[in-house]
Amino acid sequence: MTRGRIRAKLRQSHLYTFTCFRQDTADAEVPHSFDGPGFSRIVYCNQPQVHSKKPLYYTSNNISTTKYNIITFLPKAIFEQFRRVANLYFLLAAILSLTPVAPFSAVSMIAPLAFVVGLSMAKEALEDWRRFIQDMKVNTRKASIHKGNGVFGFKPWQRIRVGDVVKVEKDQFFPADLLLLSSSYDDGICYVETMNLDGETNLKVKRSLEVTLPLEDDGTFNDFRGTIKCEDPNPSLYTFVGNFEYERQVYPLDPSQILLRDSKLRNTAYVYGVVIFTGHDSKVMQNATQSPSKRSRIERKMDQIIYILFTLLVVISLISSIGFAVKTKYQMPDWWYLQPNNTTNFYNPKKPALSGIFHLVTALILYGYLIPISLYVSIEVVKVLQATFINQDIHMYDEETGNTAQARTSNLNEELGQVDTILSDKTGTLTCNQMDFLKCSIAGSAYGSGSSEVELAAAKQMAIDLEEQGNELSNFPMHKNSTGDSWNDASGLGATEIELETVVTSKDEKEHKHVIKGFSFEDIRLMGGNWSKEPNADVIELFLRILAVCHTAIPERNEEIGGFNYEAESPDEGSFLVAAREFGFEFCKRTHTSVHVRERYVSSGQPVEREYQILNLLEFTSKRKRMSVIVRDEDGQIFLLCKGADSIIFDRLAKNGRMYEEATTRHLNEYGESGLRTLALAYKKLEESEYSAWNSEFMKAKTSIGPDRDAMLERVSDAMERELILVGATAVEDKLQKGVPQCIDKLAQAGLKLWVLTGDKMETAINIGFACSLLRQGMKQICITLNPDVQTQDGKEAVKENILMQITNASQMIKLEKDPHAAFALIIDGKTLEHALADDMKYQFLGLAVDCASVICCRVSPKQKALVTRLVKEGTGKTTLAIGDGANDVGMIQEADIGVGISGVEGMQAVMASDFSIAQFRFLERLLVVHGHWCYKRIAQMICYFFYKNIAFGLTLFYFEAFTGFSGQSVYDDWYMLLFNVILTSLPVISLGVFEQDVSSEVCLQFPALYQQGPRNLFFDWYRIFGWMGNGLYTSLIIFFLNIIIFYDQAFRSAGQTADMSAVGTTMFTCIICAVNCQIALTMSHFTWIQHLFVWGSITTWYIFLLLYGMTSPLFSGTAYQILVEALAPAPMYWCATLLVIVTCNLPYLVHISFQRSFNPMDHHIIQEIKYYRKDVEDQYMWTRERSKARQETKIGFTARVDAKIRQLRGKLQKKHSPTATNVQTPLS
């Protein structure tokens, strides 16, 4: 065999009738004719130096997914920071602090602002640096490039240029968009996995032009020259138009010769290709969008609150300045001690208006404590700590890959708790794309005793229900003898009917049995050659031969086990071949004209290898929903073997071929209810003359040139696939990723909607929908598709009108539906979606989609995924989350409010573009239901509390200034004010944001409906925000006026002196510190030693500071010298006033929360009380009842599907055992 020429004689191009047929005649290859814009790219093959300078210089192969670079970081990051209105205000205040009118020093205003902004910018830089490192990992990958003289050497991806000849070996990614020149196969084909582009795991066949096939090794590229003229860079993955000029001939190019960046070479030793598009010009990067700067809804709403507070600040500052101007004009001339005749413009009775304007600036700075500058930095700290907890959550650690959850940005933690719609990729996200052959129906008999996941769950739940009902019946002693036996009989019959024994199907046997990938079939009647003893052994033999022959797979010898591995275009085919092998029909060899099957269980007792000559292959398409192969066996007989969707096959059966139709239909329905994917198998025997006549028509259609070629092929194929004889049906289980059905079920119970956006064909997506319980039996499917008749006969407008009519009719059908339990599923393909996303139709489409329980979009491009995500985000106005694992998901991940990447085995593009990354889809449940719920409530409560304490503090400054003639005098010492936000109230609020839990993580998962508190925004709506502001206003009034009333004309010291301003100010500040810290203690539901330390430690710190500050020199402490030891501590009035004010401030909140818990409790209040009184341990029935209530009513998910199965089984019980059922129900009536 020639070096690298594996399976040299197998010319795969002969296998494909539709997509991979190569014209045999040279005149069939007509060059594309294109001129004008959009087709200007010229590539000189093997001459990259030509493209190193203008006018043919193209972008480099370096890619970047970062938000910033060295040049743009400072301006962009500063812009991001000053998008926050509070930061803008403090910037203005910092500038004004440089003027003489400032009541504080400039440093005290500038330093906090610089600290807050600098910390936030450092965090942004760190997160973007991580993205840069991920980019560098991709950019520095090595690729084999032709360096000249037939010598290839390695270069990093980022140094690859347009025109370079690249050699890519098996299982490597393509570094750029390439034109395939040749491969290790004789006829220049190769197998490509495009999972990163369109999500499909089945392999695509690509083929080179015949003229480049001689370029078969490194040395042949020494003198290789050619020119490519083609389309400009664009995001379309499935189209390509260009011409290849080589050796004075021009050859047309199409998508089957193009190898796209980030797809992977499979089952091919190597390929050679020339680079057409590099870096951001490549199609996968054209589908990417710019990394957006995302802000959470809470943060955007916080800006609105800042506007309100800023308005309040301006209002009270205007009141203060007007009051000051009035006082200056009318009263200051009488205040001789102020020397009104010798003053500046700041206090000039002759210019009161000017003095008032200067005082306005002073007031704006003085009342700045209404707007908490430390809020943003506190939130940044809290979010980083929250992200650390997410990263270190052991329950989101994947043992297989060793990957943990990663919060790649902490800006969106609270958004995790407000998600309304999840948009998910399918392949690699929901599924492993591993099929297991589980059951089959042959000649009207059902085989296979194994159970699907849906059957096991339904049987288990039914058993629990039967047991509970039995227990309830035992509570009626008067009927014990008469009904007990009847119920036992009924439950026994029910168990037989439901086949509850499948729940424990030979568990011990399974543990000892060798696991065969793709084969979970259990039935001794077919295994070990026992099928030959069955009544219809000849039909079973034909069924198994169809499995072994009707496919397009390729066998690869596995030296380790001595058998074969199969590379199939779909995982279904792979499972069929494994099943056929286990039944004794092993597909072992393929040539371009035949397949060979080794049959073990034959009458002679010795294995026999049979050859089946392939005459024609009619491949599967989403439109045909079937595939057929016409073969000639060793006896010379010709057969058409067909497999496909049961609805398609049954329509094509002959009158004498429907013998098993009724029984097979019944089995297919049962398989469908059990969540299995089904196909029907049929055959037809052909006479030689019949086949010859048809084949001549088929070859005419196959070799025709023009737009009608596919339609002609379909028409001829359809004529052959008639008058079939039904043999049986298969049922395979699509293996989802571990925990996916349970995760989807929990998310559905939490009230989230799930859309699936996939590049897969419609049938595959629908089957996955059934497997993960997004679809179920009885759910009405609305399929919006292009009508082929309208598409061919009329123009684009007619097509759009047809789609709009389908959408309108579907919406009307949903509105007229009277059954409250009816569920609808919307299914739409990419071509239809292209029209549905048009501006004049997209909102009608969205309206229909929102009314449906589940939505599945098939055959969508990465760009369409992003557009659908944008439509849902902007059209519903609710939080969207996109989750995917491949480069094809980057667009929607970046477009969604929250992007989640799955760090699987295939590339890191999705993770690099994401906000959060997890190892498997199932971890999304904990990320949202636990961490999302916690983070939302923590941040919401934290922000509300922040505004409460700053209003309570800031307004006391206004009251005192008004009390002192609007003089601009602060009642508090400067150091008190500086420490208020920095030390004395900062740590408790941070502990609230980091450690608060209304319920534990286990309870969050047991009561998923708690999650709805986030999407409904119960903890950060305007009612609650204004409630907290009102609480702050009330607290400020109590603190100021109660203290003034107490201290105004009362003896304070033992000698009878009244309290001075420093004593009153310090007492008021003590009341503020104690009141706001007691308030946060009342707010917390969950205490750790850290919270106790921070809350009570803050109050203790205030007294320690006051003691130490008073001990310093009077030059430093001023009027606060020895204030605690000599003035406050000895005075009982100080302690009594402090206690009275604290109780009065917090009493309304205590009354409110007590009333709410007693008469209008929220969900978490009830759960907290159940846990506190240990009812979850002592009263399991109550706990179970409350859990059953705590889930949103949903029409999707595993629970909804199991409920449907239980209703079906109960219906069977009632029909079959109605007298027994009547007896059982009598005592309950």
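Here the Cβ of each residue, glycine as well, is placed from N, Cα and C on the backbone.
For reference, TrEMBL has these:
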| type | residues | note |
| --- | --- | --- |
| DOMAIN | 43-110 | domain 'P-type ATPase N-terminal' |
| TRANSMEM | 85-103 | transmembrane segment |
| TRANSMEM | 109-126 | transmembrane segment |
| TRANSMEM | 305-326 | transmembrane segment |
| TRANSMEM | 357-377 | transmembrane segment |
| ACT_SITE | Asp425 | active site, 4-aspartylphosphate intermediate |
| BINDING | Asp425, Lys426, Thr427, Glu573, Phe620, Lys643, Arg677, Thr758, Gly759, Asp760, Arg859, Lys865, Asn888, Asp889 | ATP binding site |
| BINDING | Asp425, Thr427, Asp885, Asp889 | Mg(2+) binding site |
| DOMAIN | 911-1161 | domain 'P-type ATPase C-terminal' |
| TRANSMEM | 946-963 | transmembrane segment |
| TRANSMEM | 975-995 | transmembrane segment |
| TRANSMEM | 1025-1048 | transmembrane segment |
| TRANSMEM | 1063-1082 | transmembrane segment |
| TRANSMEM | 1094-1112 | transmembrane segment |
| TRANSMEM | 1132-1151 | transmembrane segment |
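Counting Cβ atoms from all protein chains shown, Asn888 (ATP binding site) has 32 others lying within 10 Å of its own Cβ. Cα separation, Asp889 (Mg(2+) binding site) to Arg859 (ATP binding site), rounded: 13 Å.
Cβ neighbour density within 10 Å is lowest for Asp425 among the recorded positions Asp425, Asp885, Asp889. For Arg859 (ATP binding site), the Cβ neighbour count at a 10 Å cut-off comes to 22, with all displayed protein chains included. Counting Cβ pairs under 8 Å to the transmembrane segment (1063-1082), the top-ranked stretch among 305-326, 1025-1048, 1132-1151 is 1132-1151. Among the recorded stretches 109-126, 357-377, 975-995, 1094-1112, the one sharing the largest number of Cβ pairs closer than 8 Å with the transmembrane segment (946-963) is 357-377. As a quick check, the transmembrane segment (975-995) and the transmembrane segment (1025-1048) miss the bar of 3 or more Cβ pairs under 8 A, pairs 6 or more apart, so the two do not touch. Put plainly, the binding-site residues Phe620, Arg677, Gly759 were compared by Cβ crowding within 10 Å, and the winner is Gly759. Checking the binding-site residues (Phe620, Arg677, Gly759, Arg859, Asp885, Asn888) against the residue listed as 'active site, 4-aspartylphosphate intermediate' with a 10 Å Cα-Cα cut-off leaves Gly759, Asp885, Asn888.
For the domain 'P-type ATPase N-terminal' (43-110), the number of residues in each DSSP class (helix H, G, I; strand E, B; coil) is 31 helix, 3 strand, 34 coil. Ranked by Cα separation from Asp885 (Mg(2+) binding site), the binding-site residues Phe620, Arg677, Gly759, Arg859 are led by Gly759. Listed by sequence, the residues of this chain that lie at least six past the ends of the transmembrane segment (357-377) yet keep a Cβ under 8 A from its Cβ atoms are 84, 86-87, 89-90, 93, 96-97, 99, 101-104, 109, 112-113, 115-116, 119-120, 302, 306, 309-310, 312-314, 316-318, 320-321, 324-325, 345-346, 943, 946-947, 950-951, 953-955, 957-958, 961, 966, 968, 970, 977, 980-982, 986.
For the domain 'P-type ATPase C-terminal' (911-1161), the model gives a mean pLDDT of 88.
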